[in-house]
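Novice: Marked as active site, for sulfotransferase activity by TrEMBL: LYS120. Taken from TrEMBL, the feature 3'-phosphoadenylyl sulfate binding site covers ARG204, SER212, TYR314, LYS329, GLY330, ARG331, GLU332, HIS333. Annotation source TrEMBL lists disulfide bond at CYS315-CYS324. If you look up TrEMBL, you'll see 111-348 marked as domain 'Sulfotransferase'. Summarising the annotation, TrEMBL assigns transmembrane segment to 31-51.
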Amino acid sequence: VLTSPHCGLVSEYARRSINAIMYQQTTWKSWLLRLGTLMTLLFTTLSVFLLSGMLSSSKKYIQEEIAIDSISNSALSSNNALSNSVLRINSALKSNSALKELNQTLQSRLPQVLIIGAKKCGTQALGDMLSMHPRIVRAKAEKHFFEDEFNNYERGIDWYQAQMPPTAEGQITIEITPRYFISPEVPSRVHDMNSSIKLLLIVRDPVTRIISDYAHVLHRNRMWEWKPLQPFSHEIFTPDGKVDKGNFIVRPSFYGLHMINWLKVFKQEQILILDGERFLLDPLTEVIKVEKFLNLPSALNSSNFYYSAKKGFYCMKNSEKDWCMDENKGREHPRVDPKVISKLRQYFAPFNKRFYKMIGQEFNWPII
């Protein structure tokens with residue numbers, strides 16, 4: 001015990017005391033005194049040894065407790081991580097299930113709305129702006145299904161439906177083909193497809209429309225190196241100076257003559273006629289009319305519109321995209337002699353008046 005390393009300095013002092021007792025010549029009283037001292041040293045040494053053992057045991061116990069706590073915390077963290085993983089897996093499964101359900105509901109549907117014309121009055125811009133509404137999806141490109149010229153009607157209604165974009169239940173599909181308005185065979189065919197369909201027609205001053213159409217054809221023919229157009233007056237008037245009513249640029253401007261064909265088949269309340277001039281200056285007003293006509297909640301406001309000085313027209317934006325007319329829209333019109341413009345306006349004035357009366361709506365287009 002006395003040599004135990006746990007005793008430290010006490011062991012050294014005990015050895016020296018034993019040596020003094022063994023070799024020092026003293027009286028019997030001195031022996032008794034030293035014997036008491038020795039017993040005290042032994043008791044003290046034994047106490048220190050026991051205490052050291054207890055401290056070592058306590059230290060080991062504390063280390064074991066710390067290790068157990070560490071294991072418990074690690075297990076708890078692992079359990080939390082596992083719980084989070086389970087939650088993420090469940091969330092992913094739900095999202096995947098929702099995606100599958102959405103894919104099952106997405107399908108190409110026949111259009112519930114047609115923008116039928118008129119050509120060069122803002123039909124494409126109107127369609128693009130309406131497509132910013134979350135409930136409206138427009139078909140890409142003109143489908144030319146119902147008129148005879150492209151022979152697509154012979155392909156059947158299933159072919160036409162397959163051309164439509166996929167939509168969810170509750171969304172509205174819109175198709176735009178401005179030639180529908182001037183093709184007499186179209187109204188009855190559209191009615192056969194859907195007798196309750198809603199129709200959008202946007203019109204503007206017929207003379208301004210003719211000039212815009214001429215500029216469009218002039219640009220197209222130059223780009224594709226097709227037969228060049230004659231100067232404006234030669235293209236629009238016959239050699240004897242009369243308006244060429246059969247000319248493909250002039251014909252769409254006789255709004256009343258084409259409107260008769262549609263009103264023979266459809267109720268007037270199924271056709272919304274929009275003001276092309278107002279649409280150019282204040283598109284939001286005309287877009288709101290369409291929202292109401294289609295019984296849609298209002299989703300567009302002034303913050304979605306901004307004016308582009310470069311385009312000379314309003315563009316649109318929302319949180320997902322920014323839209324503006326492409327390069328082949330809003331091109332500069334050719335200069336036309338004011339006398340020619342005045343002659344055309346006087347010619348169209350009576351046709352416009354009959355059109356106003358037919359639809360119960362006036363646009364006050366210039367008459368000179």
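Glycine too: its Cβ is placed from the backbone N, Cα and C atoms.
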Novice: Enumerate same-chain residues with a sequence separation of six or more from TYR314 (3'-phosphoadenylyl sulfate binding site) and a Cβ-Cβ distance below 8 A; give 'none' if the list is empty.
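Specialist: The list for TYR314 (3'-phosphoadenylyl sulfate binding site) reads PRO283, PHE305, TYR306, TYR307, SER308, given in order along the sequence.
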Novice: Closest of the recorded positions to ARG331 (3'-phosphoadenylyl sulfate binding site), Cα to Cα, picking from LYS120, CYS315, CYS324?
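Specialist: Answer for the nearest of the recorded positions: LYS120.
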Novice: For HIS333 (3'-phosphoadenylyl sulfate binding site), which residues in the same chain are close in space, meaning a Cβ under 8 Å from its Cβ, but six or more apart along the sequence?
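Specialist: In sequence order, the residues whose Cβ lies under 8 Å from that of HIS333 (3'-phosphoadenylyl sulfate binding site) (at least 6 apart) are ILE211, SER212, ALA215.
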Novice: Want to know which recorded positions, from LYS120, CYS315, CYS324, are within 10 Å of ARG204 (3'-phosphoadenylyl sulfate binding site) at Cα; which are they?
Specialist: LYS120
Novice: Between CYS315 (disulfide bond) and the residue listed as 'active site, for sulfotransferase activity', how far is it from one CA atom to the other, in Å?
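Specialist: Just about 18 Å between their Cα atoms.
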Novice: If you average pLDDT over the domain 'Sulfotransferase' (111-348), what do you get?
Specialist: 94
Novice: Based on Cβ atoms within 10 Å, give me the single least packed residue among the recorded positions LYS120, ARG204, ARG331.
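Specialist: Candidates: the recorded positions LYS120, ARG204, ARG331. Fewest Cβ atoms within 10 Å: ARG331.
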Novice: I need the CA-to-CA distance for GLU332 (3'-phosphoadenylyl sulfate binding site) versus CYS324 (disulfide bond), whole Å please.
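Specialist: Between the alpha carbons of GLU332 (3'-phosphoadenylyl sulfate binding site) and CYS324 (disulfide bond) there are 17 Å.
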Novice: Does anything in the same chain, at least 6 positions from CYS324 (disulfide bond), have a Cβ under 8 Å from its Cβ, and if so what?
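Specialist: When sequence neighbours closer than 6 are ignored, CYS324 (disulfide bond) has SER308, LYS311, PHE313, CYS315, MET316 within Cβ distance under 8 Å.
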Novice: Among the recorded positions SER212, CYS315, GLU332, which residue has the fewest other Cβ atoms within 10 Å of its own Cβ?
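Specialist: Counting other Cβ atoms within 10 Å of each of the recorded positions SER212, CYS315, GLU332, the minimum falls on GLU332.
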